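I have placed the structure first, in the form of structure tokens, so that the comments after it can refer back to it.
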Ligand SMILES: Nc1ncnc2c1ncn2[C@@H]1O[C@H](COP(=O)(O)OP(=O)(O)OP(=O)(O)O)[C@@H](O)[C@H]1O
Ligand SMILES: Nc1ccn([C@H]2C[C@H](O)[C@@H](COP(=O)(O)O)O2)c(=O)n1
């Protein structure tokens, strides 16, 4: 039996600001398994292309960059680091400069199969190493790991998502801050929707709506789905 056959594979998708990354990291930490942030891979490729002077609208050049992306990504949910070509880009890939450009790379249909295969390979390696993996993104439940035993669509209302992202980026969720956040959340979702379906759960995918849940309640809700689908996934007591 391959190590993955008995591993705890959890796939989570959802729109921007729904809480995928933060909730997935907490779930992985509680279950004692590794974590894969697939959005970070698209962000890292965007950073690399810009660093190399590649025009993001030159689709063939971006595909070529995806093929040779020198990416290193940690899998510890409590210590996320991303490096490209030896440069630590952990913080830089979260800047507005990257957030506002990343959809150009993520909607490049030549890039997607390359990163999707890399994500499958990473998931297998992480599961073999840690006994499981929580992988999150936009197409994990549908394309990257449609056979995962646990597949969840994490959603939240547009208002909740704007409020959360605004509080995170601007430290406030007043009207002005929310207006400044719309591009990063709503426009990006609209662009990304052209290539992935992450607003409606595919067959067999469980929806967890966090609009009225706080962070801890969202983590509990996801853990409850994991437990109900696997029967034995109690949080690691360590
Ligand atoms: N249920 C919740 N209640 C309140 N805040 C939350 C909740 N879930 C997540 N957050 C906060 O909302 C912000 C956005 O969450 P997160 O970055 O995890 O979203 P995401 O879905 O991964 O977004 P993106 O796809 O744009 O990276 C974070 O500051 C996070 O702490
Ligand atoms: N599986 C994935 C993961 C991410 N993307 C796109 C969507 C975003 O524009 C970008 C960055 O993702 P984030 O860090 O905000 O979750 O990558 C995708 O198309 N498929």
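The first residue you see is number 1, and the count goes up from there.
Backbone N, Cα and C atoms are what each Cβ position is placed from, and that goes for glycine too.
Keep in mind that TrEMBL annotations are predicted by a computer and have not been checked by a curator.
Quick look at what TrEMBL lists:
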BINDING   14, 15, 16, 17, 18, 19, 20, 21, 22  ATP binding site
DOMAIN    10-226  domain 'Cytidylate kinase'
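Where TrEMBL records a feature, it is marked here on the structure.
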| residue | record | Cβ contacts under 8 Å, 6 or more apart |
| --- | --- | --- |
| 14 | ATP binding site | 20, 136, 138, 153, 154, 155, 156, 198 |
| 16 | ATP binding site | 161, 165, 184, 185, 188, 189, 192 |
| 18 | ATP binding site | 154, 155, 156, 161, 210 |
| 22 | ATP binding site | 215 |
Inset, instruction - Mind giving me a neighbour count for residue 20 (ATP binding site)? Other Cβ atoms within 10 Å of its Cβ, every protein chain shown. - result: 27
Inset, instruction - Using the centroid of the Cβ atoms of 14, 15, 16, 17, 18, 19, 20, 21, 22 as reference, list every other same-chain residue with Cβ within 8 Å of it (recorded ATP site), in sequence order. - result: 23, 154, 156, 161
